[in-house]
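Visitor: There's a structure below that I have some questions on.
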Amino acid sequence: MKTTTEKFGATPHQPSLWTRADALKVRADDPTTTQPLVSADFPVLNNDVFIWDTMPLRDLDGNVTSVDGWSVIFTLTADRHPNDPQYLDEDGNYDILRDWNDRHGRAKMYYWFSRTGKNWEFGGRVMAEGVSPTAREWAGTPILLNDRGEVDLYYTAVTPGATIVKVRGRVVTTEHGVSMVGFEKVKPLFEADGNMYQTEAQNAFWGFRDPWPFRDPNDGKLYMLFEGNVAGERGAHKVGEAEIGDVPPGYEDVGNSRFQTACVGIAVARDADGDDWEMLPPLLTAVGVNDQTERPHFVFQDGKYYLFTISHTFTYADGVTGPDGVYGFVADSLFGPYVPLNGSGLVLGNPSSQPFQTYSHYVMPNGLVTSFIDSVPTDETGTQIRVGGTEAPTVGMKIKGQQTFVVAEYDYGYIPPMLDVTLK
Ligand code: FRU
């Protein structure tokens, strides 16, 4: 198997590498890149459901958009089962942690609306049962297409397989609320090819998901980011000099890090509607560093491309580590080269005292970062926890050149619009 550089050497662009040397610079608990502690007495958006990945309605340029004064978010959502015998422990108590950990298998896309950009009101499921072709409706992006309220929802249809799909519908508003109509015909767009992006046949733990379509501010073309792993049989990847980077003496041993092969994928649309896509080589690879670069997304600021992606402690390779949170990279042009923000890539991580307090951070062009609450310790030792499944406090961040700084904290689930579209 080739190194990342050899593999993509002949392609139109070289993926940028997040190296082991970069990751060695990650410092947990740096206050400028650490999310403030989330208190265990957080409010719960809705006690009937767990919510996690949050996807604000936006336009193709990345602006969070309200319609007729209504803010709209989509969330991955699953029912809570407090009375289901399957989720009762030996003493007959609800084992919420087990219910929460099982949520991915029954994830469905729901929507919520609000007049104030917070205190979200329950909208319901986006697609009726039976519309989506697979068991799981995983993360993606709702795009407001025009002032007729048309919405393209790009998402991941998972189990069996993992396919990037889209479904078109319409957002309708009244004085009293918002509804989603249509969303009846799901169109498969593409799957991992095994040549650039790893397939399930190559690795049962492969990742291929989380589409984020956008219009490039420079060439005006329609592209899409997504999460992938670099193609190749599991265990066959090489962690060479380029993947290691410039490490100090004693840090050359890569251990079993060949099993960690995350990448940020990119595809370009062949048509204006985004029905026909061509996958391109990844923008960024993390071979030998980390196995998951999830929910990649951009902020376009100061003529630069700020690429953000979420990742976990448990997906880091041997010899490198970092907190659960959002990582970032910056380039002067779409295809790079990308350099890690803050030297290491870490942009906003959980504090080490509450390593699972939040996840699935989404950086908006106004510098606000939304995420969900996973679990927060309720005692000193961290053995007792409270499960979230609800919106975390929004964090305010400044992005300056190659650095980022935490500067503010806002209310739970605060996702204010950047634009309002009046529907015709
Ligand atoms: C991030 C994530 C996404 C995926 C979803 C599955 O929290 O892992 O990558 O689409 O959750 O529930």
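Our numbering is plain: 1 for the first residue shown, then up by one each step along the chain.
Using N, Cα and C of the backbone, Cβ positions are placed for all residues, glycine too.
Bear in mind that the values here come from a model prediction, so they are computed numbers and not experimental data.
So TrEMBL says this about it:
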BINDING   ALA139, ARG215, ASP216, GLN292, THR293, GLU294  substrate binding site
BINDING   ASP210, ASP291  Ca(2+) binding site
SITE      ASP210  site 'Transition state stabilizer'
Visitor: Applying a 10 Å Cβ distance cut-off over all chains shown, what neighbour count does ALA139 (substrate binding site) have?
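Guide: Its Cβ has 27 other Cβ atoms within 10 Å.
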Visitor: Are there residues of the same chain, six or more positions away from ASP291 (Ca(2+) binding site), whose CB falls under 8 angstroms from its CB, and which are they?
Guide: PHE205, GLY207, ASN229, PHE259, GLN260, THR261, ALA262, THR315, TYR316, ALA317
Visitor: Listed substrate-binding residues ALA139, ARG215, ASP216, GLN292, THR293, GLU294 - what's their greatest C-alpha to C-alpha distance in Å?
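Guide: It comes out at 25 Å between the most distant Cα atoms.
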Visitor: Which binding-site residues (ALA139, ASP216, GLN292, GLU294) fall within 10 Å of ASP210 (Ca(2+) binding site) by Cα distance?
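Guide: Neighbours among binding-site residues, in sequence order: ALA139, GLU294.
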Visitor: For ASP216 (substrate binding site), just count the other CB atoms lying within 10 A of its CB, please.
Guide: 17
Visitor: Residues with Cβ closer than 8 Å to the Cβ of ARG215 (substrate binding site), same chain and 6+ apart in sequence?
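Guide: ARG215 (substrate binding site) has long-range Cβ partners LEU60, ASP61, LYS221, LEU222, TYR223.
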Visitor: Quick one, of the binding-site residues ASP210, GLU294, which Cβ has the fewest other Cβ within 10 Å?
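Guide: Each of the binding-site residues ASP210, GLU294 was scored by Cβ atoms within 10 Å; lowest is GLU294.
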Visitor: Taking every protein chain in this structure into account, which of the binding-site residues GLN292, THR293 has the most other Cβ atoms within 10 Å of its Cβ?
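Guide: Top count of Cβ atoms within 10 Å goes to THR293.
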Visitor: Suppose we screen the binding-site residues ALA139, ASP210, ARG215, ASP291, THR293, GLU294 by Cβ distance to ligand 1 with a cut-off under 6 Å; which survive, in sequence order?
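Guide: If the test is a Cβ under 6 Å from any atom of ligand 1, the answer is ALA139, ASP210, GLU294.
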Visitor: Using DSSP with the three-state reduction, classify GLN292 (substrate binding site) as helix, strand or coil.
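Guide: Coil, per DSSP.
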Visitor: In the three-state scheme derived from DSSP, which category covers ASP216 (substrate binding site)?
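Guide: Looking at the DSSP assignment, ASP216 (substrate binding site) belongs to neither helix nor strand, so coil.
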